[in-house]
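K.L.:
Dropping a structure here in structure tokens format, bear with me for questions.
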Amino acid sequence: MELQEVLHMNGGEGEASYAKNSSFNQLALAKVKPFLEQCIRELLRANLPNINKCIKVADLGCASGPNTLLTVRDTVQSIDKVRQEMKNELERPTIQVFLTDLFQNDFNSVFMLLPSFYRKLEKENGRKIGSCLIAAMPGSFHGRLFPEESMHFLHSSYSLQFLSQVPSGLVTELGITANKRSIYSSKASPPPVQKAYLDQFTKDFTTFLRMRSEELLSRGRMLLTCICKGDECDGPNTMDLLEMAINDLVVEGRLGEEKLDSFNVPIYTASVEEVKCMVEEEGSFEILYLQTFKLRYDAGFSIDDDCQVRSHSPEYSDEHARAAHVASLIRSVYEPILASHFGEAIIPDIFHRFATNAAKVIRLGKGFYNNLIISLAKKPEKSDV
């Protein structure tokens, strides 16, 4: 089975769907919104071609469920707020939004939400239906998605860690797995495996930057948010917990060791310095600002986390309930690729053990994601300077 067929979130609206388990991302979007407004402010001041008539934006790796339209809402609100601050008396521009993700993404679940979204946008923002046009653009952001110099603003949230393929070189010339008992480039992985993952990320991220520079107008903006490498004190990350859960099943005899050794997740968490250096080396973009922030990986569990998300009764608000919440989120993201390799029957057992391990981390007050926000501007051509 092709990687792109299984590298997607759980669709639909069931209990294991991404739509029902993406409150962490909702909280993260709230943290990013001030940076989004600043990025839009700089974009409108740059006075790009046609920007007062139609602003073309895209969400790269939009996934599915209500969070997809939260990103659109925040972008539209930021555009209208900044134009008001600038006392722009011209008629509001049309906003054309492209939602992009791999072909297997559940775009239909997003389309079902559009009628109510448009009505709410008209009621709360005064935007008449037709002044914000939303369409899907299926495809991989590791290749071209839009015509040359056609876009004003590009946004991506928690997608860049996914690689275009599992790195090559993870099996030796003798057919021996180089990344034994690991499922990604972890601290325990041997140096050749870590290098293979870094090389693949470097290739993919450099290609991503080059493709986006071709699609953006000169001085167009891009805002990226992603997980980045954290500190030792953050505790094991969720990929470590997933790896531990699968290893537990191997020890119990529920899974064969060879099944684990042949499984490698196409994901790489870069360091801040790695991302910064790659942007500078590719050369198409200027870094306007770069900032990190931490979130617990059980963030979004309750409304006490500064976000309007589903709440839980106090008697269940302990580390076990929080761990189950984290397990549901990770399952909604990785179940398709796990099921394609290990089979669907073992999935509940994997995430039961995941939750058990996560509870131990949460009890110790650990378990953090380090998040990176980076705002980029496409460098002007010499003829534009």
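Cβ atoms here come from the backbone N, Cα and C positions, even for glycine.
So Swiss-Prot says this about it:
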- Y18, C62, N67, D101, L102, S140, F141: S-adenosyl-L-homocysteine binding site (BINDING)
- Y158, Q161, F162, T238, Y369: caffeine binding site (BINDING)
- N179, D261, F263, N264: Mg(2+) binding site (BINDING)
- H155: site 'Involved in substrate discrimination' (SITE)
- I267: site 'Involved in substrate discrimination' (SITE)
- E344: site 'Involved in substrate discrimination' (SITE)
K.L.:
Would you identify the secondary structure of E344 (site 'Involved in substrate discrimination') according to DSSP, in three states?
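P.N.:
Going by the DSSP assignment, E344 (site 'Involved in substrate discrimination') falls within a helical segment, counted as helix.
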K.L.:
Cα-Cα, whole number of Å: Q161 (caffeine binding site) versus S140 (S-adenosyl-L-homocysteine binding site)?
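P.N.:
Answer for this pair: 13 Å between alpha carbons.
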K.L.:
For the recorded positions listed here (D261, E344), which one has the lowest count of neighbouring CB atoms within 10 Å of its own CB?
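P.N.:
E344, out of the recorded positions D261, E344, has the fewest neighbouring Cβ atoms within 10 Å.
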K.L.:
Cα within 10 Å of I267 (site 'Involved in substrate discrimination') is the criterion; apply it to the binding-site residues D101, L102, F162, T238, Y369 and give the hits in sequence order.
P.N.:
F162
K.L.:
Using only C-alpha positions, which one of D101, L102, T238, E344 is spatially nearest H155 (site 'Involved in substrate discrimination')? These are the recorded positions in the record.
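P.N.:
Given the candidates D101, L102, T238, E344, the nearest one is D101.
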K.L.:
Compute the mean position of the Cβ atoms of N179, D261, F263, N264, which form the recorded Mg(2+) site, and then list in sequence order the other residues of that chain whose Cβ is within 8 Å of it.
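P.N.:
Everything else in range on the chain: L170, T177, K180, S182, I183, L260, S262.
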K.L.:
I need the CA-to-CA distance for E344 (site 'Involved in substrate discrimination') versus D261 (Mg(2+) binding site), whole Å please.
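P.N.:
On Cα coordinates alone, these residues lie 18 Å apart.
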K.L.:
Out of the binding-site residues N67, Y158, F162, Y369, give me the one sitting nearest to N264 (Mg(2+) binding site) by CA distance.
P.N.:
F162
K.L.:
If I take the alpha carbons of N179 (Mg(2+) binding site) and D101 (S-adenosyl-L-homocysteine binding site), what is the distance between them in whole Å?
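P.N.:
Given the Cα positions, N179 (Mg(2+) binding site) is 29 Å from D101 (S-adenosyl-L-homocysteine binding site).
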K.L.:
Measure from the Cβ of Q161 (caffeine binding site) and count the other Cβ atoms within 10 Å, all protein chains considered.
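P.N.:
Counting Cβ neighbours of Q161 (caffeine binding site) within 10 Å gives 20.
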K.L.:
Check the Cα distances from Y158 (caffeine binding site) to each of the binding-site residues C62, N67, F141 and keep only the ones within 10 Å.
P.N.:
C62
K.L.:
Applying the rule Cβ within 8 Å of the centroid of the Cβ atoms of Y158, Q161, F162, T238, Y369, what extra residues of the same chain belong around the caffeine site?
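P.N.:
For the caffeine site, the extra neighbours are C226, I227, I267, T269, V333.
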K.L.:
Given D101 (S-adenosyl-L-homocysteine binding site) and F162 (caffeine binding site), what distance in Å do their CA atoms have, once rounded to a whole number?
P.N.:
12
K.L.:
Do you know offhand how many angstrom separate C62 (S-adenosyl-L-homocysteine binding site) and F162 (caffeine binding site) by C-alpha?
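P.N.:
Rounded to the nearest whole number, the Cα-Cα distance is 13 Å.
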K.L.:
Looking only at DSSP and grouping its letters into three states, which state does D261 (Mg(2+) binding site) belong to?
P.N.:
helix
